[in-house]
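Okay, so here's the structure we're looking at.
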Amino acid sequence: MNALKPPVQKNEYYDVAFEDMTHDGAGVAKINGYPIFVSNALPDEKAKIKIIKVNKGYAIGRLIELQKESDYRVDAPCPIYKQCGGCQLQHLTYEGQLLAKRKQVQGVMERIGKLQGVPVHPVLGMAEPWRYRNKAQVPIGEREGGLVAGFYQQRSHEIIDMKECMIQQETNDTVVQTVRAICEKYGVRAYDEKKHKGTLRHVMSRYGLVTNETMVVLITRTEELPNKKKIVEEIVAALPGVKSIVQNVNQKKTNVIFGDKTTVLWGEEYIYDYIGDIKFAISARSFYQVNPEQTKVLYDTALNYAELTGEETVMDAYCGIGTITLFLAQKAKKVYGVEIVPEAIDDARRNAELNEIDNAEFEVGEAEVVIPNWYKQGIKADVIVVDPPRKGCDEALLNTIIDMKPKKVVYVSCNPATLARDLRVLEDGGYKTVEIQPVDMFPHTAHCEAVAKLELKM
Ligand code: SAH
């Protein structure tokens, strides 16, 4: 490959063959080793493309004409798939998606992790990979005097009307459309982001899959909401599963959905849901996994890999609201969870109490600071579980793990590339990666989760 001059030119056409897929679902073709990324192209396809952007290390192309189709290509079932951009892989069969995700994990393990021969198991997918999301947050706009609830068209701020979303629980679609219609009837105006006027910004619906409880959140620019009382009464009458109606006020000119002030308009502050045997209280602002069915699969995998006997001290880094921590607590002597968001730790403590789990302790802070402190205080883990955000673990945390030498590390990752990078560090520090199990938490999107099991080398 010529490092100085890319082998393609902007606005020129090329015939290429796709061999791979990027982490965000675009096809990868190569000319003399130089990669070209093309949306909507699949591995094993051939196509005519037009180059729209040339960078030093790669180019972006647009698909002009498919010359050979993948056996795994399908017509995307969702009518607004291309405009929405929320899903990236609907043009690939579900079987093809699972194969591509496994290949992605295998690829980074070799390329980035320099790990040869680590078993990467077939991805655990869903039997019914639609209608899985338990949370919808839908922006509200206006069209011909009425309200529309939809999504921002890709690369624009125009709201496109969406009657249903195929990866969303039906209940959430019903809630959003019902609330939209009721607000329209009572003359509520949608928030206009250009003028920073109007009232209703977003409608959010959260649904407890096991409990059937629903929460409605109205996110408004002003505290005042015309006909608030009547709107609430009608929502309650129209949607029997609703246990909680909440208003959140966001007065700022911002893309951030939530503002600081949250008040309960009707019913409870929390709804509840279960993952396995553990009950979780979910408020308007709580983080909670959006695909509870697959979350159970992910946590069961992590718990299996931890191989607890009941005698262990366990640390759970990046613990969020304590979901994995409480799962582990049932099988361990003592579990310590650490998380940077204080509200999440409040939820974690509440959830421990709710489940009468008294061997879990939580601390707010950075995992890379708190865990070295625990270690200095003489707390030593037999097993460490980490579940970091996309950027992976901080190096200080990895070094503390290497010093502390827990006999097992279970790494839950939402980004295979940083997982591979961190596994390399742990391997160099005395650990062996035994196996990796990818789990499909977000069918039809390019997201890929995986759990790795590591053991201290003797
Ligand atoms: N284990 C949880 C959440 C994982 S998401 C679950 O399964 O539900 C990753 C979490 O890491 C987020 O809650 C985020 O707030 C937290 N986080 C990000 N950086 C952190 C840091 N440096 N130290 C501790 N927690 C951090």
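Including glycine, each Cβ sits where the backbone N, Cα and C put it.
Quick look at what TrEMBL lists:
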| type | residues | note |
| --- | --- | --- |
| ACT_SITE | CYS414 | active site, nucleophile |
| ACT_SITE | CYS414 | active site |
| BINDING | GLN289, TYR318, GLU339, ASP387 | S-adenosyl-L-methionine binding site |
| DOMAIN | 7-65 | domain 'TRAM' |
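Feature map: TrEMBL annotations on the structure.
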residue : record                               : DSSP class
GLN289  : S-adenosyl-L-methionine binding site : coil
TYR318  : S-adenosyl-L-methionine binding site : coil
GLU339  : S-adenosyl-L-methionine binding site : strand
ASP387  : S-adenosyl-L-methionine binding site : coil
CYS414  : active site, nucleophile             : coil
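Counting only residues at least six positions away in the same chain, the Cβ atoms of PRO389, ARG390, MET441, HIS447, CYS448, GLU449 sit under 8 Å from the Cβ of the residue listed as 'active site, nucleophile'.
In terms of DSSP secondary structure, the domain 'TRAM' (7-65) contains 0 helix, 35 strand, 24 coil. Within 8 Å of the centroid of the Cβ atoms of GLN289, TYR318, GLU339, ASP387, where the record puts S-adenosyl-L-methionine, the same chain has further Cβ atoms from ASP316, CYS319, GLY320, ILE321, THR323, ILE324, PRO388, VAL412.
In the predicted structure, the domain 'TRAM' (7-65) carries a mean pLDDT of 95.
Non-local neighbourhood of GLN289 (S-adenosyl-L-methionine binding site): ILE275, THR295, THR323, MET441, each in the same chain, at least six residues away, with C-beta under 8 Å from its C-beta.
With a 10 A radius on its CB, ASP387 (S-adenosyl-L-methionine binding site) counts 25 other CB atoms from all the protein chains. Across the annotated binding residues for S-adenosyl-L-methionine (GLN289, TYR318, GLU339, ASP387), the two most widely spaced Cα atoms sit 16 Å apart.
Of all Cβ atoms in the shown protein chains, 20 besides its own fall within 10 Å of the Cβ of TYR318 (S-adenosyl-L-methionine binding site).
The local packing around GLU339 (S-adenosyl-L-methionine binding site), expressed as other Cβ atoms within 10 Å of its Cβ over all shown chains, amounts to 27.
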